[in-house]
Amino acid sequence: MPCSLRAILLRDLILGVLGISAFLLHLGADLWAVSQYVRGGRYLWAALVLALLGLASVALQVFSWLWLRADPAGLHSSQRSVRCLALLHLLQLGYLYRCMQGLQQGLLVWQQETPSQFDLAYADFLSLDISMLRLFETFLEKTPQLTLVLAIVLQSGRAEYYQWVGICTSFVGISWALLDYHRALRTCLPSKPVLGLGSSVIYFLWNLLLLWPRVLAVALFSALFPRYVALHFLGLWLVLLFWVWFQGTDFMPDPHSEWLYRATVATILYFSWFNVAEGHTRGRATIHLVFLLSDSTLMVVTWVTQSAWLPSGVPLQVLLPVGGISFLLGLVLRLVYYRWLHPSYPWEPAQVDGTPALRSLEYYELPKNRRMDHLARNFFPQGYEAALPWPGEVNGVL
């Protein structure tokens, strides 16, 4: 095995271990916070944290199970029986099982002197599903959890040590999930170079800096008007759900489960941008940015006209400039990334005498994650034609 490939596989293994560790650390921080809220008599706060944990976990297990059932028969030959897998998902352990399976496959490939193309492709297949599930978990649990904790801190006027742990792990987890998802999409298109360190840092920062003002705006609104934040979320979520449906998504294996995907994407769009359809990405991203900015501005106007102080006694004028500067800096870094660091050349198959070369049958027999390929074609539309399946191909397997 080339040293460069072995180094990449080792890096992926280390990142996989760190990803599982971060997930368990954040879960432990949430349960720690719940125990502290219960001990302090804050039963509503404890119930909200548990509700977010439970809803996100159930959604992850449903996604994982539906994808496993939709994958071609015999693809996961090394997996446990269907009954055992169903029990694991019922016990809310399906996501962790997938993470461990991905690590096992990655370790198997790394230990081989000359790994087969199938083993390498299967390792990518598993890691792509894990990246997608991690992204869903981030916006269904970590981001709302972060908003809730910030609202509690702003109301009480102080942050306990366990709350600081939750805030830090949430911020890092959110930004890492976005970066990991972007890196996963690039692996679907062979012509896209690996995301370099400089590009990774810029991508990480602009996602973090644009997300922070949105989370702060919703947290401040929750602290000042806790009775209306649910109505605000539901109203915007329904609008975003209609927008996702209008774009005609086709991600899940059947029309009924597609609504679960649309509902999840609408939740992501409440906080951040997520592309779900082909064509005119820049226009839709601009519309979404203006929409969120207008909504956040309306919330700012509501705070200023109703109250200049938080319940904890902190003046709003202290926090508003921080959010504004963060948004502008994040917007600048986003423009810098897409102007100079985001590759824009088209993906084309190898050519012989000006004619596209035919790939071997062995290439098309390799497992290919069509779920992520579909999203990659949306993110990198110039690679669409090269990613089209052959007739008779199901999820990348003939």
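Each Cβ is built from the backbone N, Cα and C atoms, and glycine gets one as well.
Sequence annotations record features per position, and here TrEMBL assigns transmembrane segment to 13-32 (among others). Listed as Cβ neighbours of the transmembrane segment (13-32) (distance under 8 Å, sequence separation of 6 or more from its ends, same chain) are residues 49, 53, 96, 99-100, 102-103, 106-107, 110, 127, 130, 134, 137, 142, 145, 162, 165-166, 169-170, 172-173, 176, 180.
According to TrEMBL, the feature transmembrane segment maps to 44-68 (among others). Distant neighbours of the transmembrane segment (44-68): 27, 30, 33-34, 37-38, 76, 79, 85-86, 89-90, 92, 94-95, 98, 129, 132-133, 136-137, 140-141, 144-145, 148, 152, 252-253, 257, 260-261, 264, 371; these residues of the same chain sit at least 6 beyond its ends, with a Cβ under 8 Å from one of its Cβ atoms.
According to TrEMBL, the feature transmembrane segment maps to 161-181 (among others).
Long-range Cβ contacts of the transmembrane segment (201-221) within its own chain (Cβ-Cβ under 8 Å, at least 6 residues beyond either end) map to 143, 146-148, 150-151, 154, 171, 174-176, 178-179, 182, 195, 228-229, 232-233, 271-272, 292, 295-296, 299-300, 302-303, 310, 316, 319, 322-324, 326-327, 329-331, 333-334, 336-337, 341. According to TrEMBL, the feature transmembrane segment maps to 201-221 (among others).
The transmembrane segment feature in TrEMBL is assigned to 228-247 (among others). Under 8 Å from some Cβ of the transmembrane segment (228-247) lie the Cβ atoms of residues 151, 218, 221-222, 262-263, 265-267, 269-270, 276-277, 295, 299, all in the same chain and six or more residues away from its ends.
Positions annotated as transmembrane segment by TrEMBL: 259-277 (among others).
The transmembrane segment annotation in TrEMBL covers 289-310 (among others). Residues of the same chain lying 6 or more positions beyond the ends of the transmembrane segment (289-310) and with a Cβ under 8 Å from any Cβ of it are 154-155, 157, 213-214, 217-218, 220-221, 223-225, 232, 236, 273, 316-317, 320, 327.
Taken from TrEMBL, the feature transmembrane segment applies to 316-337 (among others).
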